[in-house]
């Protein structure tokens, strides 16, 4: 713990509803992730931050501290993207972000997918990857070889963030949303240059976008889907913040503007894990329910827009719709 900034001072500061200054944030999160923070302090800090509302600077400081304890991946020089959501929307939808990731790899982009088991969808990214017979990257060499082989690699979060094992019981005991729910998608150990990141509540958009801007990412989009999803949906207009080399600009996305038919929530839901995996396999083959194909095309289009700055959003979504109607090659789905 930084002797210049005692933890009790930080706790008082946050409990009074005040945002952390850079030095306090660094000291606070260095201590939290060091493995030496008492559970009572850690729990108190997480609850006080939640009550106050986490800022982008605080999230960025937490990311930096967590990555210092993580098994990060070095030597990656090509542009690479991650597509993910924070979870927590409780919608039981199919795992759209993982299907988007596999389409991107099939289209020739390097994808470093970072994820875990299901949080609020019927089937988490790790569940999908495992069901498709794709390997989990467990160390740095796996990441390099996976990208060389198929342009897609899945980094299973617990393998790369051992420090979180000590904090897991605290999160479980608290039983409420904390800063950690927002941190997960920001902690990719392969440090993507581009990212499509969804949040289930609109109030999380700005701090997450600010944290991405502070991280030095090239281009990213933080989205909040119509209907309260942590992905773009065909339910109606979606909210979006585009991060472009440190600048954050709002750009709302209406599926109707791209000819994507609107639907209701029932058309996007899966009853259970079995149905969710059936939907994923169908979508990868260029089939599947129209509403889910529309949702996939919308998210894939925004990802392409991020990766190809000379491409308009209209053109990116059109390209995505064409890809979704074709499906992907077996080489990617069975890499």
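Placed from the backbone N, Cα and C atoms, the Cβ positions cover glycine too.
TrEMBL annotations: computationally assigned, not manually curated.
Per TrEMBL, the features are as follows:
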type	residues	note
BINDING	85, 88-89, 93, 95-98, 113-121, 125	5-phospho-alpha-D-ribose 1-diphosphate binding site
BINDING	85, 116	anthranilate 1 binding site
BINDING	97, 231	Mg(2+) 1 binding site
BINDING	171	anthranilate 2 binding site
BINDING	230, 231	Mg(2+) 2 binding site
DOMAIN	9-70	domain 'Glycosyl transferase family 3 N-terminal'
DOMAIN	80-327	domain 'Glycosyl transferase family 3'
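A map of TrEMBL features onto the structure.
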{"residue": "85", "record": "5-phospho-alpha-D-ribose 1-diphosphate binding site", "DSSP class": "strand"}
{"residue": "93", "record": "5-phospho-alpha-D-ribose 1-diphosphate binding site", "DSSP class": "strand"}
{"residue": "114", "record": "5-phospho-alpha-D-ribose 1-diphosphate binding site", "DSSP class": "strand"}
{"residue": "171", "record": "anthranilate 2 binding site", "DSSP class": "helix"}
{"residue": "230", "record": "Mg(2+) 2 binding site", "DSSP class": "coil"}
Residue 114 (5-phospho-alpha-D-ribose 1-diphosphate binding site) has its Cβ surrounded, within 10 angstroms, by a count of other Cβ atoms equal to 26
DSSP-assigned states of the domain 'Glycosyl transferase family 3 N-terminal' (9-70) in counts, ordered helix, strand, coil: 45 helix, 0 strand, 17 coil
Rounded distance in angstrom between the Cα atoms of residue 231 (Mg(2+) 1 binding site) and residue 85 (5-phospho-alpha-D-ribose 1-diphosphate binding site): 7
In chain order, residues whose C-beta lies under 8 angstroms from the C-beta of residue 116 (anthranilate 1 binding site), counting only those at least six residues away in the same chain, are 124, 125, 126, 156, 157, 158, 184
Alpha-carbon distance [residue 171 (anthranilate 2 binding site); residue 85 (5-phospho-alpha-D-ribose 1-diphosphate binding site)] in Å: 19
Using Cα coordinates, what distance in whole Å links residue 117 (5-phospho-alpha-D-ribose 1-diphosphate binding site) and residue 230 (Mg(2+) 2 binding site)? 16
Measuring Cα to Cα, how far is residue 230 (Mg(2+) 2 binding site) from residue 171 (anthranilate 2 binding site) in Å? 21
Lowest 10 Å Cβ neighbour count of the binding-site residues 117, 171 is held by 117
Pairwise CA distance, residue 97 (5-phospho-alpha-D-ribose 1-diphosphate binding site) versus residue 171 (anthranilate 2 binding site), rounded so that it is a whole Å: 25
Just counting, how many other CB atoms are there within 10 A of the CB of residue 230 (Mg(2+) 2 binding site)? 29
Enter the number of other CB atoms within 10 angstroms of the CB of residue 231 (Mg(2+) 1 binding site). 31
As a test of reading the model: what is the averaged pLDDT for the domain 'Glycosyl transferase family 3' (80-327)? 94
Cα separation, residue 171 (anthranilate 2 binding site) to residue 114 (5-phospho-alpha-D-ribose 1-diphosphate binding site) (Å, whole number): 20
